[in-house]
Every structure is written in C-alpha cells, then in structure tokens.
Amino acid sequence: MLDFFTIFSKGGLVLWCFQGVSDSCTGPVNALIRSVLLQERGGNNSFTHEALTLKYKLDNQFELVFVVGFQKILTLTYVDKLIDDVHRLFRDKYRTEIQQQSALSLLNGTFDFQNDFLRLLREAEESSKIRAPTAMKKFEDSDKAKKPVRSMIETRGEKPKEKAKNSKKRGAKKEGSDGPLATSKAVLAEKSGLPAGPENGELSKEELIRRKREEFIQKHGRGMEKSSKSMKSDAPKEKGKKAPRVWELGGSTNKEVLDYSTPTTNGTSEAALSEDINLIRGTGPGGQLQDLDCSSSDDEGAAQNSTKPSATKGTLGGMFGMLKGLVGSKSLSREDMESVLDKMRDHLIAKNVAADIAVQLCESVANKLEGKVMGTFSTVTSTVKQALQESLVQILQPQRRVDMLRDIMDAQRCQRPYVVTFCGVNGVGKSTNLAKISFWLLENGFSVLIAACDTFRAGAVEQLRTHTRRLSALHPPENHGGRTMVQLFEKGYGKDAAGIAMEAIAFARNQGFDVVLVDTAGRMQDNAPLMTALAKLITVNTPDLVLFVGEALVGNEAVDQLVKFNRALADHSMAQTPRLIDGIVLTKFDTIDDKVGAAISMTYITSKPIVFVGTGQTYCDLRSLNAKAVVAALMKA
C-alpha cells in the first residue's frame, strides 16, 4: 500500500498529489528536497526518512520530480514500474501545459490524473501478483548431463585431454631434437629388449614411475651440488670482525660539553625559546582565517605556456576540433554520457576521491542530465564537466555552517564556557591543530582552557603543556590586564577521560574561561572499548561542538573512518538521540598537491562541513575551506 504519490516541478509547484493515508507528505518530501536534491546526492533513487522509504525520478526535460512514499518495512516490487508508467503517461498527457514553462500556466492548469493513476496502480499490483516463480533447473537440462559417463572417468596415469593436447604441441615443437627424455626411452627400450618406437605401444605404469624418478634425480641432484659449492665458497669470507664505531661524544669528560647551567625553561634555553616562538607563530594574521588557496606558481606558468602554441595552430584544424563532439539541440541520453562519465570517474579516483563516492557522484550527474536538452554549440564533455563542478561545489557547502565565534559569543551571554571536543584516529594531528585553533581564539580575544583528556598516549600531556607555554608566551597576562588567557587542565595518565572533561568544564565555569578545548586519545574506528569511552565522554559532557580530525592523505579509508565513528557514537551512546560528529578538521593539506579528494569523500559521507584546514606546522597555518578552489584543483587535469 502506498502512503502517497506526488508530482511537482523543480521550482516547488505541486502539480498533482495522491494521499493513501491521512498523514501529510509535506515533511518527507521536504526532507528529500533538502537532503538529496539540493545537496546533489541523486546517485541513488531511494531515500529513507523515519519510517518511510521514498523513491523518486527526475524528468530533466520538463523539470519535474515524481516521488512515491511507502512504509520501509514493506517490500513492494512494483514501485519502479509504477513510477516509470506514471512518468510516461503524465508527460505525454500534459505535454502542452508543461512546455509553456511558466508558473502562472502551471498554477492555472488542471491536472485531473486521479483515475489514470488508480488504473496504473491496479495494473502494477496485478502484474506483480501474476508473475510466476522461476522454475528450478533440472539435471537433464544442465551441461553436465549431456556429457557421456566415459569422458568423466579418469584413470591413474592418464592425462586429461587439455594436457594431452599441450603435450602434443610441445612434442611437435621438439621434433628432431635429442634430449634426456629420448635417451631415457632408449635406455628403457634396451633394458626391456624392445626397440624404442611408437609401434611397441605405451609404456607400463611401473616403467613410467621409474622414468620420472630418474628424471627427478637428474634435475635435483645437480641443484644440490651447486648449492653445496656456493655454501663452501661463502664460508671462508667470514674471517675478520667489524671494528666497533667510536662516537665523538661517547665517554667525554669535557666540562664544556657537560655544562647545563644556562638558564632553561622546561629543558630549553630562554634565548632559544624566544627564537622558536617567533618561528612557530608563523606569518600572517592569526585572528582572521584566510581562504584556502589550492593554486601554485607552476600551474600559472603552465597556463601561460599553454596559451602560446594555440595561436600557431592551423585555422582549419581548430575549426574542425571546435565542431567535433557538438551535441546540437537534442536531449542527452545515457549512451551519450557513458564514455565521458567513465573518464570523470577515473579522474576523481586518481584525485583521491573514494571509489564508491566517485561512482555515486557520476551517477548523480547522469540522473541530473538525462533527458536535458542541450544548446547548439555545447559538447557532451563540457556539459558533464560543468554539471560535475556544480555538484562538487554544492557538496562542499552542506546544510549547516559552523560559525564558532558567533556561538562563543552566544555562550558568553549565557555565562557558560563553549566546549569543543576533538576526536579521530591515531597520528592525524589532533593536538597540533587544537593548538592552532587555540591561537586563533586567543587572537580573537577569547580565553581558552585546554583539557588534557588523552590519558593513554605517552607524552600527550607534555605535548599540550609545551603548546600552552608557547601560547602563553605569545599572549602573556600582562597584555590582557593580568588575565590568564590560556591554561592547561590535566590530571595525569590512566584516569577516566570523561571525568577529567567534566572537571575541566566546571573549572572553566568557575574561573571564567570562554572556551574549553577537549583533547581525546587517538583510536581506531574498530576499537570497541575506546569508542565506548568516547561515546561516554560526549554523552556525559554534551559539548557544543564535536570535531572529527582527519588527514587529507586518506582515500577510501576516510569513508570507513567517518561511517564507523558515527555508528559507534550512535551505538554506544546512552541518550535517546545520540550525538554524532558536527564538523571536520582536515589536516596535512599542504602535503597532497592537487589530490584533494578526501575533502569530497568526508563531506559527502557525513553531510557535515569542513570547519578548519591545517596547511603547515606553525600556529598561523590554519585556513577555512574555499569550495571553488578545492573543486578547481580537483578538476584540474
């Protein structure tokens, strides 16, 4: 039983609707538009919303959308046939009204489609019932039954047909050549007192076994002799022993080398510390995030060089090259786009986009362009490429935009700290990028408390302590009226991370800190105990923002990490509505050149925005994502 079937234009005008139940179809259809159609995720024609499954079809020629909804526990095999039949009949019946393409004509038009729809629904249901079950194949119909029994019997010592044919071919190539096989046949013939030749028939089984044994001894006996000789020749080489290396500073008693009496700060001299801080801070405005720039000087030089030889081309060849592949005023079909989409898919995979995501993106573009009428001077390649670029830009600009500074100001008005939790796998740069975000917040005038909740990795607390000391040197209390701008809250190792985070938030509320940044231990997505601990930390402390830190180097692994992190947070959460990942921090972006596909994979799989991009090793190497620059780098050949 269908819950509803609706037909509307891409401009949002509902042309016709069928209600099978009393519940309104507005909520599910709006969710489909918001999550799939506007986000360019049309690779799959099915969408699940709460207890409903929605299937849809796009008519790109007339800019129409056909949507059917039914309970997801039902298995309705006739839905695909029904939606195709309704699409075909509705388009043919009201072609003149739709072709006017004006909102006023569509509003004034009367689409009396109820009786036709009920007839098509009845036919589709009956066709699904009439369909007979497929009969099982009998043994008499199989290929095995057609073979004679004699051909399936193999006796010991006989060769199969294929091997016999190969042996015949080999024998034909070796005709007239004397070898060990011929000599062995002659020897056997002499021993048996019979002349060697085909007229004497085949050899007996005992003779075959004896002949093969002799061949084996001849072959492997020579190899054993060679190996024994090589071992003897290598033995006398190991006579002298290697002299031990003498290190320059080993066992030195020089007072100048052993003098550590210079003033230090945590093992580092004060002069070196001031120099390191200037290097670590980096150049550029720390309080304002710059847009990510994926272009390089090499690309500009190549673009300039590519424009020069174009002027020397012949006008005739340039004209034919321009006219080649023009579509004309006709509608695109799957066959027209197949070769171009295959090249686009391989190009995306080469740029580090996950394979499944690349397939879904190309399928979405095909659904978007199928049946669309193209202009006279437009090629299939340029049309598909432009549609793919628009889809990628839309994917990198998801539904929710995270504005941390505005949210922190809202939390200040409520007199509470703004809490951010960082999570991710091992070695992706959580602590380093936490320090970069701390510096960015300090530059904007917010005080930061860093909670060291990584109680598992050795050196994690010391790493945060070093960052805190350097950030304090960049923003000393004297410059802020005696107020401590950054502080580390730590309880050592082996403690409960959720409890430390709770104490840190209470401490920040009492001391008046604006932001609490919670650093967690790195964990693999398959580690159930650690994922349970992370879900407990997030459920107990309810942070304002949960950021997943991922590398820009990963390809297919990005999909696996994000899917399993979200699934683990949902499974191990004790809340009725579990808290999932809110945003992404993409690190090591300066190491990938133009292979920026991980940004597409992460955003596509989670529908969450990339909040920060790490591009270097200094505190100023933090950027905001520029969707157009990333897509330009992704589409670059």
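If you go along the chain as it appears here, the first residue is 1 and each next one adds 1.
Yeah, the Cβs are placed from backbone N, Cα and C, and that goes for glycine too.
If you check TrEMBL, you get these features:
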{"type": "REGION", "residues": "132-183", "note": "region 'Disordered'"}
{"type": "COMPBIAS", "residues": "137-146", "note": "compositional bias 'Basic and acidic residues'"}
{"type": "COMPBIAS", "residues": "153-165", "note": "compositional bias 'Basic and acidic residues'"}
{"type": "COMPBIAS", "residues": "217-238", "note": "compositional bias 'Basic and acidic residues'"}
{"type": "REGION", "residues": "217-243", "note": "region 'Disordered'"}
{"type": "REGION", "residues": "281-316", "note": "region 'Disordered'"}
{"type": "COMPBIAS", "residues": "303-313", "note": "compositional bias 'Polar residues'"}
{"type": "DOMAIN", "residues": "609-622", "note": "domain 'SRP54-type proteins GTP-binding'"}
Model confidence over the domain 'SRP54-type proteins GTP-binding' (609-622), averaged pLDDT: 90
Residue counts (helix, strand, coil, in that order) that DSSP gives for the compositional bias 'Basic and acidic residues' (137-146): 7 helix, 0 strand, 3 coil
Counts by DSSP class (helix H/G/I, strand E/B, coil) across the domain 'SRP54-type proteins GTP-binding' (609-622): 0 helix, 6 strand, 8 coil
